[in-house]
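Peer 1: Have a look at this one before I ask anything.
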Amino acid sequence: MLYNLLLPHIHNSHIANLFHYITFRSGLAIIITLSLSFVTGPILIKFLRSLQKYGQPIRSDGPESHQTKAGTPTMGGIMIILSSCISTLLLADLTNKYIWITLFGFISFGIIGFMDDYAKVKRNNHYGVRGKSKFLLQGIISVIIYVLLEYLDKNSSHVLNVPFFKNLSLDLSYFYMVFAIFVIVGSSNAVNLTDGLDGLATVPIAFTAGSFALISYLVGNLIYANYLQLTYIPNTGELTVLCSGLVGSCIGFLWFNAQPAEVFMGDTGSLSLGGVLGIISVITKHEIVLAIIGGLFVIETTSVILQVYYFKATKGKRIFKMAPLHHHFEKHGWAESKVVIRFWIISVIFSLIGLSSLKLR
């Protein structure tokens, strides 16, 4: 909004001219989301406590140390969604189609997560919305997003770019729709599965969002895209502002979510954040790079799939002490803080590997 209001005055004012630069607006987005999180955090947490008598239900079969978390309010993802959306509406170019499509997906996945959190709190158990119902809703939203992208961009590509290999790509043709939906829904649920310890998912999400802030900027810049031999996609640079807002809001949320957490992001936060990252990866044509940068989310999800499959195949045996993987290490005797910090380190490594694919070909 500020960008659109100041646009006519760019050549007449030094301050207005600053808003012409995506990098300036992205930096400002981080500052605004951080500030909003610090200011609204205590108010929101107090409000959630007043509404939630028992807080987020704690699984009885989980690590014993988790029983001390009883009473901690959930739905803290509202803080992340609000601060990110406000900064984006203030600083991004509101005539940009990708901004509106991404915000639509972000909020829609957040609503699904809110419904799930609300069901858990109301029933006082960890069973929220049925899994099939959640997948169906996520699928419908993903289809709408894909159709919007196809309709608004007549030259949209169905090519899947393979990182680290020069000029290697796969034309998925009509199958690309299925692939894009899989990426968005899969990303949403992968982040959701990772969000099981205080601060565990928050930092990797920030790293991933920061990485895609850079990717969006490069892909949307003709000079940089040509130099790095990336697929140039006009107008995606504005997503840098949105991604930067996600980084700031996640860091701000971590202030309240660090161990011992004062609030959990809940499915409201994890489903929306995972979904928006999936959407951005589809828009920028860096779907495989998302799987690399978000490697921690992939590992956590894979551990659950393997555990369930092996349990059914062997009629009761388990590969891990508990899934997702972070609970396995807790059951193995690792302190929660050690699991979280080591997983953060792994996330940094994956982010560096993913970003290196932009140059190494």
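Even glycines carry a Cβ here, placed using N, Cα and C.
Pulled these from Swiss-Prot:
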TRANSMEM  28-48  transmembrane segment
TRANSMEM  74-94  transmembrane segment
TRANSMEM  99-119  transmembrane segment
TRANSMEM  133-153  transmembrane segment
TRANSMEM  168-188  transmembrane segment
TRANSMEM  203-223  transmembrane segment
TRANSMEM  236-256  transmembrane segment
TRANSMEM  263-283  transmembrane segment
TRANSMEM  288-308  transmembrane segment
TRANSMEM  338-358  transmembrane segment
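Describe the structural surroundings of these features, if you would.
Peer 2: Long-range contacts of the transmembrane segment (99-119) within the same chain: residues 56, 74-75, 77-78, 81, 84-85, 88, 92-93, 127-129, 134, 137-138, 141-142, 144-145, 148-149, 152, 184, 188, 192, 238-239, 242, 266-272, 274-276, 279-280, 283, each at least 6 residues beyond the stretch ends and with a Cβ under 8 Å from a Cβ of the stretch.
Listed by sequence, the residues of this chain that lie at least six past the ends of the transmembrane segment (263-283) yet keep a Cβ under 8 A from its Cβ atoms are 41, 44-45, 48, 56, 72-81, 98, 101-102, 105-110, 112-114, 116-117, 128, 138, 141, 145-146, 149, 180, 183-192, 194-195, 201-202, 205, 208-209, 212, 216, 233, 236, 239, 242-243, 246, 250, 253, 256-257, 289-290, 294, 297.
Among residues of the same chain six or more beyond the transmembrane segment (288-308), those with a C-beta under 8 A of the stretch's C-beta atoms are 160-163, 183, 186-187, 189-191, 193-194, 204, 207-208, 211-212, 215, 274, 277-278, 281, 318-320, 323-326, 328, 343, 346-347, 350-351, 353-355, 357.
Sequence-remote contacts of a segment are chain residues at least 6 beyond its ends whose Cβ falls under 8 Å from one of its Cβ atoms, and for the transmembrane segment (338-358) they are 163-164, 197-200, 203-204, 207-208, 210-211, 214-215, 218, 228, 230, 259, 289-290, 292-296, 299, 326, 329-330.
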Peer 1: Among the recorded stretches 28-48, 74-94, 133-153, 168-188, 236-256, which has the greatest number of Cβ pairs closer than 8 Å to the transmembrane segment (203-223)?
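Peer 2: Comparing 28-48, 74-94, 133-153, 168-188, 236-256: 236-256 has the most Cβ pairs near the transmembrane segment (203-223).
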Peer 1: Would you kindly check 28-48, 74-94, 133-153, 168-188 and say which stretch has the most C-beta pairs under 8 angstroms to the transmembrane segment (236-256)?
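Peer 2: The stretch with the most contacts is 28-48.
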